[in-house]
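Asker: Handing you this structure, nothing more for now.
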């Protein structure tokens, strides 16, 4: 199986952490769309949003998704990538989409423990727990709609990777 694997889910679900280790375990290349975009523009996500608003960032995110999609690649996407209909169809039609699902409390705890998350622009201007709740309520149905595989991401990364690998084996063998 050489299809790209797209990891989707909200901030804090473990897309980058799991993605790097999953790519290593599958002997694949790993790309994080946000990191790729930041390296291409030499700007942080916050700087891109400040300069181009969310609309401009979303357009760049789509271009990044298309640019990094390649066989034998694990791609950690930005949490809002599913907001653009083109991106949802693109991922569904060009690879296997894995939704890393986690409850609000887990996401908030992870985000509070990661100081680099302070560099991310707020989506709602509300306190973190309210923002995570609101954003997840808005996006969960879209994550589920686009996903070929849904994984409980509350476990340790090694367990999440094991579950993804099992689900991939079942997907390929059906």
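Glycine is treated like the rest: Cβ placed from N, Cα and C.
Swiss-Prot lists 12, 13, 14, 15, 16, 17, 120 with the feature ATP binding site, giving sequence analysis as the kind of evidence. Per Swiss-Prot, the feature Mg(2+) binding site maps to 16, 32. What Swiss-Prot lists as substrate binding site is 34, 58, 79, 139. Taken from Swiss-Prot, the feature region 'LID domain' covers 112-126.
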Asker: Near residue 13 (ATP binding site) in space, meaning Cα within 10 angstroms, which of the binding-site residues do we find among 32, 58, 79?
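Answerer: Of everything listed, what lies within 10 Å of residue 13 (ATP binding site) (Cα to Cα) is 79.
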Asker: For residue 14 (ATP binding site), which of the listed binding-site residues (32, 34, 58, 139) have their CA atom within 10 A of its CA?
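Answerer: Passing the 10 Å Cα cut: none.
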Asker: Could you state the whole-number distance in Å separating the C-alpha atoms of residue 16 (ATP binding site) and residue 139 (substrate binding site)?
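Answerer: Computed Cα spacing between residue 16 (ATP binding site) and residue 139 (substrate binding site) is 19 Å.
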Asker: Around the substrate site formed by 34, 58, 79, 139, which additional residues qualify by having Cβ within 8 Å of the site's Cβ center?
Answerer: 11, 61, 77, 78, 80, 81, 82, 83
Asker: Using a 10 Å radius around its CB, how many other CB atoms surround residue 58 (substrate binding site)?
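Answerer: Neighbour count, Cβ to Cβ under the 10 Å cut-off: 17.
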Asker: Starting from residue 12 (ATP binding site), work out which of the binding-site residues listed here (32, 34, 58, 139) have their Cα within 10 Å, and give them in sequence order.
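Answerer: So the list is empty; none.
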Asker: Fewest other CB within 10 angstroms, which one of the binding-site residues 15, 139?
Answerer: 139
Asker: Neighbour count, 10 Å Cβ-Cβ cut-off, for residue 34 (substrate binding site): what number do you get?
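Answerer: Excluding its own Cβ, residue 34 (substrate binding site) sees 22 Cβ atoms within 10 Å.
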Asker: How far is it from residue 139 (substrate binding site) to residue 32 (Mg(2+) binding site), counting Cα to Cα, in Å?
Answerer: 20
Asker: With every protein chain in view, how many other Cβ atoms are within 10 Å of the Cβ of residue 17 (ATP binding site)?
Answerer: 17
Asker: Around residue 15 (ATP binding site), which of the listed binding-site residues (32, 34, 58, 79) come within 10 Å, judging by Cα atoms?
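Answerer: Qualifying among 32, 34, 58, 79: 32, 79.
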Asker: Provide, as an integer number of angstrom, the distance between the C-alpha atoms of residue 17 (ATP binding site) and residue 32 (Mg(2+) binding site).
Answerer: 10
